[in-house]
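> Here it is, the structure, as structure tokens.
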Amino acid sequence: PQTGRLALYLLGLRATCPRPKPHRALVTWLKYYLEEDWTGSRRHGHPLTSYYQYGLGVLALCVHHKRVREEVIRRLLAAQHHGRLGHSAVDTEAVLALAFTCLERRRLVGARLAAELRATVHRVSRSMAQAQGPEGIIGNIYSTPWALQVFLATGTCHKEPAYGQAMAALLENLDAFGTAATMAQVLPVLHGYSYLDITSMSCQEESDTLTPLDVEPPTEMPGNKTVRLVVECAQPWCFELQLYDRRVSAPAAASLLDVLWAATAQEPRFTFDTQNTPQGPYLTQVLGLEARQEKRNYWQLLTSRSTPLLMGIADYVPHNGETLILRLSEW
């Protein structure tokens, strides 16, 4: 089901103040996708897509003032309480917190459930503040705008020290937000808004001030670089930790994704696969080892033994002589 993509589209559509007719059918489709998505929970214990996408779907329906079955909301509450949200837990918890806040504020749930949702959102906000790293980042650089949206939506931003520190970290790392999806997460925060503010927008006729930019293509960096590429399996069923260790030659401006493609050309036994997401390609398989949500594992990207990569594989440009580690890890 295209749950997350359609949810993001409907959130963006609502922000443009459309007339009712064009998006009614899309809201119906989203409700259908949410029901289809839940069929996976009966088999695997989680939606067919992910709790992140499902949370976006619930948020989009709430913004359009559509109810969600209480059974579904309670399943999401249970997943949050029992830590079953996946390795991108900050993003997912934030999306669910925004959805829960929306349902409670728009009075789309009963009084008892509304109190549970309020208490859950309060716990999520507190845990995000506690999870903040020394550089101000919460989770990773892409999770940080989601966490800030929770602080903004709950009105805790002015009394939460983590808010100012996280905002400073964002301003120092704005070059990491190079795709439309990541820009859509960070731009509202920079202006002091969350996605919940879409519900209270005053739609008025505005002149079209959007004009195309004449952007010059970036100049190519001359020469090549060499990157050390290491693949590790930190799972108990792997016979050895290190599965691959080679130096890969690539153009000087090559991204990590380009380096992976160069590795396949350099050595045919090296294989990898990705999955397209709104945030860009996501690494799903390396050397035939697949990261699967039902097995609670994922491909962790590191620039040293313990330093996680804060950017996606298509956005990060390694420097000459750098070591990059792809590690199959558990969450």
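Think of each number as a place in line: the chain as shown, counted from 1.
Placement of Cβ uses the backbone N, Cα and C atoms for every residue, glycine included.
Unlike curated records, TrEMBL annotations are generated automatically.
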> For CYS102, what is the disulfide-bonded cysteine listed in TrEMBL, choosing from CYS62, CYS157?
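Between CYS102 and one of CYS62, CYS157, TrEMBL records a disulfide, namely with CYS62.
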> Taking only the Cα atoms, work out how far CYS62 (disulfide bond) lies from GLN53 (cyanocob(III)alamin binding site), in Å, as a whole number.
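A Cα-Cα distance of 14 Å.
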> Taking every protein chain shown into account, which of the binding-site residues TYR51, TYR282 has the largest tally of Cβ atoms within 10 Å of its Cβ?
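For the binding-site residues TYR51, TYR282, the Cβ with the most other Cβ atoms within 10 Å is TYR51.
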> Non-local Cβ contacts of ASN140 (cyanocob(III)alamin binding site) (under 8 Å, 6 or more apart, same chain)?
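Counting only residues 6 or more apart in sequence, the Cβ neighbours of ASN140 (cyanocob(III)alamin binding site) under 8 Å are VAL90, PRO308, LEU310.
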